[in-house]
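Participant: In case it's useful when we look at the structure, here is the feature table from TrEMBL:
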- 1-210: domain 'Heme-copper oxidase subunit III family profile' (DOMAIN)
- 34-54: transmembrane segment (TRANSMEM)
- 74-92: transmembrane segment (TRANSMEM)
- 104-125: transmembrane segment (TRANSMEM)
- 145-169: transmembrane segment (TRANSMEM)
- 190-211: transmembrane segment (TRANSMEM)
């Protein structure tokens, strides 16, 4: 038996914010709830950034390599472009959602997934490169903080890719139901948040680390 949330909805009629109360809106309520999660995730990243900031000085690396010796800012710049283009592709997908174009939504999500996979692939390649030259977490506290921050972010990207895959299945199976539209909006927020976190990682970990 299907619930009321499985009924098709018009994405163009979804109200994310209104000055006047117009009755209970499940999608808006869930979106607000997901904002609470984003805030808690921001606290997680703030903690990791704080730990990295404390341990990013040269004495925290002991006799091990410092970021200036192993980070590759031009390589991670390619990762940055891949992630930004992935967010842009998902934005086009959401624009198609507003017009009710199922093909546009699906194509946008697929493009976003492909670019996200490129980001993860480049990250894995970079980690393997660093490990091959002895840059591993157990070498020093600074490297432990470096890996904790960058790989927690990579794990979030991986979760986002799985989420996109699930949404493709749900769109094909259910269409634009209330549940599906709400999840697509939450995924947009999640994906954009990961891009924002990556900007901070790229600037303060890779660029600043390379110049220091």
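Glycine is no exception: its Cβ is also placed from the backbone N, Cα and C atoms.
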Participant: Using a cut-off of under 8 Å between C-beta atoms, tell me which stretch among 34-54, 74-92, 145-169 contacts the transmembrane segment (104-125) the most.
Facilitator: 74-92
Participant: Mean pLDDT across the domain 'Heme-copper oxidase subunit III family profile' (1-210), rounded to an integer, is what?
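Facilitator: That region's mean pLDDT is 88.
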Participant: How about long-range neighbours of the transmembrane segment (34-54): same chain, 6 or more residues beyond its ends, C-beta under 8 Å?
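Facilitator: Counting only partners 6 or more residues beyond its ends, the transmembrane segment (34-54) has Cβ contacts under 8 Å with 60, 145-146, 148-149, 152-153, 156, 186, 189-190, 193, 197, 200, 204-205.
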